[in-house]
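Peer 1: Can you keep this structure in mind? I'll have questions shortly.
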């Protein structure tokens with residue numbers, strides 16, 4: 001690893017150099033111990049990055065210049081500049097990411113109080129050091145194998161190491177970056193508004209509800225696992241995963257339920273202790289479903305989220321999020337469901353904010369959190385290794401940076417691009433674990449080949465924005481009524497878009513989405529008419545969140561024999577939440593799968 005007191009910066013020439021920006025746009029720059037450029041202006045903020053410049057209006061009109069130069073058409077930009085308009089710009093026309101602006105790592109000196117859902121704040125800021133080490137992939141050695149947590153009770157040696165590691169983390173001083181207290185604060189600061197974006201002080205860094213969800217948590221677990229191994233003197237130790245996607249793991253693993261163990265956390269839902277089966281579609285209350293049905297629904301949910309609805313990068317990873325962008329543009333499939341549901345299912349509803357797992361700021365206090373996310377990370381590996389998924393090739397994603405303390409208490413700067421291969425990071429997942437959801441396809445609710453929802457035109461909502469206080473149904477036109485070929489479906493996925501979902505960020509929220517379902521009753525979660533859900537884990541007070549939900553419906557249309565229908569009836573059913581939920585509108589679009 002190379003050590004530096006400041007991160008590398010860009011050398012720019014011509015009208016987009018730092019000097020030119022300062023003179024032409026009245027932007028002043030100041031240096032911090034971590035990041036060299038901060039740009040401020042009363043009505044506009046700009047930041048200089050390796051790729052170029054991004055500017056954002058701050059006068060309340062949300063005019064983001066398409067949220068920065070990185071999202072402008074590069075060709076038109078170059079044409080507008082003219083042949084000599086950008087000194088030193090030769091070759092930029094061949095680089096589509098010449099103006100890319102990946103999110104830089106946070107400036108720890110600018111860390112502020114994080115927001116709790118109840119309106120109070122909490123100091124989750126990390127210790128500050130002036131030296132940052134750039135991450136380098138470790139030398140190849142024996143691979144650590146992450147195993148299912150439900151099997152560890154049969155391995156007393158492994159279990160003893162796990163308990164000892166967590167006990168030692170708990171025993172470290174709270175200001176030690178390796179302590180469990182500080183590890184929990186990592187999630188709190190990155191997920192609850194502790195860090196402003198460098199160059200955009202009015203915008204927070206948020207690693208949820210966007211394409212950073214998978215890589216951030218992979219890095220988080222990587223250093224957490226390395227810290228455990230260091231503390232117990234065993235670099236081969238691997239973090240177990242909560243195998244909630246298979247029946248054998250659809251309950252809180254036994255090793256986490258012993259009150260005398262370091263793995264125990266008192267703030268969990270008392271009604272959800274073993275042998276209570278986990279509900280991957282949990283919506284704030286337990287319904288009366290037998291275990292066989294619950295398992296079937298859970299497996300079908302996993303099939304839909306990982307196979308039939310994971311048809312593009314945007315649907316699997318989440319929406320793009322770069323420097324200068326507003327947070328929470330939209331979550332990917334697994335983040336939304338079942339990841340969020342499991343947080344809510346596990347947290348203690350008797351606590352003010354559903355602590356610990358039920359709120360982002362406190363989730364990392366529960367050792368179960370890390371095994372939960374280990375299985376989320378496993379889903380990313382399965383997506384690529386078994387299902388043919390690929391990684392995003394966009395510079396804004398690959399070059400996004402985070403900061404973590406390692407097992408030696410060094411502050412390390414990492415990039416998304418170095419997290420893509422677990423083998424290069426030194427670990428793999430137990431490949432002998434069954435994956436029963438691979439064949440758990442849903443079936444249509446009714447046997448007839450073609451039908452419409454039993455909703456009269458008088459029951460349809462036609463004016464938007466609309467408030468979701470009760471069930472609403474809307475008829476949504478499709479972009480094409482021609483039955484598409486398999487090649488066309490492979491190139492473009494038909495996607496239902498629910499736009500402008502706005503709600504109070506400090507409240508848990510869930511609503512279910514059905515397509516062409518009956519008006520008087522809901523389809524089961526293992527049936528084709530159930531298109532998916534929107535789920536939110538509370539983490540923000542005093543600010544509304546506005547985001548979107550995209551759901552693949554290509555397979556759903558096949559299953560309902562609706563591929564030539566001119567429109568679909570979409571029904572939203574609220575399940576959990578307080579306060580107004582606004583729905584901005586609906587559309588059905590064809591989305592490129594790459």
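Using the three backbone atoms N, Cα and C, a Cβ is placed for every residue, glycine included.
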Peer 1: Checking feature assignment: region 'Disordered' per TrEMBL, candidates 1-40, 41-80. Which range matches?
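Peer 2: That would be 1-40, per the region 'Disordered' entry in TrEMBL.
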Peer 1: Specify all same-chain residues, apart from the site residues 187, 208, 217, whose Cβ lies within 8 angstroms of the center of the Cβ atoms of the Cu cation A site, ordered by sequence.
Peer 2: 190, 191, 207, 213, 216, 220, 360, 363, 373
Peer 1: Could you measure between residue 188 (disulfide bond) and residue 111 (disulfide bond) for me? Cα positions, answer in whole angstrom.
Peer 2: 11
Peer 1: At the level of the C-alpha atoms, what whole-angstrom distance separates residue 124 (disulfide bond) and residue 187 (Cu cation A binding site)?
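Peer 2: Pair distance, Cα basis, whole Å: 9 Å.
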Peer 1: I'd like the Cβ neighbour count for residue 124 (disulfide bond), meaning other Cβ atoms within 10 Å of its Cβ, all protein chains included.
Peer 2: 28
Peer 1: If you run through the domain 'Tyrosinase copper-binding' (366-377) with DSSP, how many residues end up as helix, strand and coil?
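Peer 2: Computed counts for the domain 'Tyrosinase copper-binding' (366-377) are 11 helix, 0 strand, 1 coil.
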